[in-house]
């Protein structure tokens with residue numbers, strides 16, 4: 001058997017497998033041997049995890065038995081059909097993923113009035129615990145003995161519900177504080193752009209005023225009326241006999257000359273005394289200026305680009321961060337979940353938000369809302385989202401083909417914003433029909449401050465390589481406006497090649513999810529052979545930031561776990577530098593089965609969901625009995 005294994009290894013290394021990363025032969029293994037070792041080592045580990053009895057069935061049953069039996073040989077045509085269906089089944093997204101509410105992980109919670117030490121407004125009708133002793137008896141066991149919030153800020157606002165409450169709870173169920181730390185953080189706002197209850201109420205009642213937006217939208221409606229009026233006038237001229245004259249022509253000409261048309265007043269007041277409003281009006285050249293050039297930009301990443309992850313990337317040297325894509329209509333309706341995407345940590349010194357929409361009125365009002373109630377350095381329009389839900393209603397990539405609406409959106413948002421407006425686009429909609437080079441010269445005249453170009457079309461999604469030659473062509477057309485390139489950057493060598501083109505900077509998306517230390521590698525021009533323990537420390541930092549952001553109670557712990565698992569579905573694609581036969585690793589190369597230099601490195605290389613859950617249990621304790629997680633992408637699921 002060993003001889004066969006060696007023979008297979010030699011065959012795999014002598015002939016490069018297409019689409020697979022080149023790994024040193026001594027680390028290569030088979031699927032069965034890999035999962036067999038992972039499972040046997042995990043069962044033998046003591047003190048790092050809980051016993052098998054505490055694990056749910058889906059986590060327990062991750063061992064791989066005998067290899068699958070060989071399939072019966074079919075006709076060539078039937079074989080192709082089977083392969084096609086298999087390929088379709090494991091491509092794309094799991095669109096019908098089960099949505100589990102965070103409250104389902106607790107049968108009965110402690111009433112908030114007990115935590116805040118006030119009278120419960122629901123009285124006898126309240127369904128939550130008011131008896132602290134009864135709650136503590138039913139509460140799940142603490143995850144650890146040290147509370148990150150208590151040690152960092154001097155107090156834990158989750159009190160008795162905290163899953164690390166032993167450190168700050170007395171035997172008579174009273175919470176303690178560290179006065180020196182509490183004073184140090186007093187009056188300091190760590191997270192900005194929170195949605196206040198008052199603003200949420202006014203948004204839901206539609207009582208928020210959008211004065212600047214109404215001004216701009218009025219000019220759009222006036223322009224429509226003028227065009228309609230001119231169209232009718234031209235039609236009347238064609239129908240009128242020769243030599244006939246309209247007695248109103250002289251009056252209309254005079255009105256045009258003096259700009260005194262009562263129905264269509266000029267957008268700018270040209271007569272009368274000079275007022276303070278005329279003097280202090282913000283001109284485009286006086287808007288807040290941001291120097292985007294030669295900076296590393298972390299892409300706005302849906303689901304994974306949350307605030308704790310951005311804080312991890314800030315530690316490794318990213319310059320520009322941006323919130324996840326937010327729907328403009330949801331922001332205008334005061335959705336708490338959508339406003340959470342705008343939150344900004346104090347460490348994010350250059351931060352923007354990305355919005356998606358398809359109509360000038362909603363996008364302009366949304367921009368004014370952000371400008372008034374949020375602290376941002378720039379606002380980005382998502383014109384590159386490829387998903388059907390967004391594209392079919394005219395948003396995302398759909399805006400690239402609706403240039404008239406796109407122009408109105410950009411000009412309207414520019415009219416109401418005091419910060420730069422940026423745009424993210426793709427090469428086009430169809431793979432063989434790029435349109436970005438036609439759109440960019442027009443966007444320069446519309447008032448865009450910066451353009452980001454992803455070197456793929458909507459049709460390509462994330463398949464095939466990004467077209468950096470095309471990005472270079474577009475960068476020349478965009479000058480002097482900065483253009484950032486995006487696509488396939490996973491090492492400092494990829495970044496250097498990208499910078500050799502005419503781009504002003506680079507945006508990194510999947511590369512940052514696979515290895516967030518890529519920003520350090522680029523700035524220091526080196527390959528970092530990061531150890532498995534260092535990678536676990538990164539996950540520990542994410543855990544702490546997650547508990548600070550989402551909470552240290554059961555709801556917060558499980559939310560942190562969920563986003564960690566989403567991130568691990570990308571992080572498992574990383575191959576340690578010391579194992580590579582050829583450097584650097586390419587983003588389109590899938591890792592073969594390999595054994596790491598230690599057990600933890602092997603565990604982190606697993607693409608099995610059960611193994612990701614094991615990693616999360618090292619940091620966040622055992623999963624609840626009713627815990628379910630299905631990865632976002634089918635290709636990440638273990639088959």
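Glycine residues also receive a Cβ, built from the backbone N, Cα and C atoms like all the rest.
TrEMBL lists 39-103 (among others) with the feature region 'Disordered'.
Annotated compositional bias 'Basic and acidic residues' per TrEMBL: 57-86, in sequence order.
Marked as compositional bias 'Basic residues' by TrEMBL: 87-100.
Per-residue pLDDT, averaged along the zinc finger (105-133), amounts to 86 for this model. Taken from TrEMBL, the feature zinc finger applies to 105-133 (among others).
Across the domain 'C3H1-type' (105-133), DSSP assigns 10 helix, 2 strand, 17 coil. Look at TrEMBL and you will find 105-133 (among others) tagged as domain 'C3H1-type'.
Nonlocal intrachain contacts for the zinc finger (146-171), taken as residues 6+ away from its ends with a CB within less than 8 angstroms of a stretch CB, comprise 109-110, 114-115, 132, 135-136, 139-140, 177-185, 544, 547-548, 551-554, 556-557, 621. Here TrEMBL flags 146-171 (among others) as zinc finger.
Under the heading domain 'C3H1-type', TrEMBL lists 146-171 (among others).
Under the heading region 'Disordered', TrEMBL lists 221-275 (among others).
Residues in the zinc finger (146-171) partition by DSSP class (helix H, G, I; strand E, B; coil) as 13 helix, 1 strand, 12 coil.
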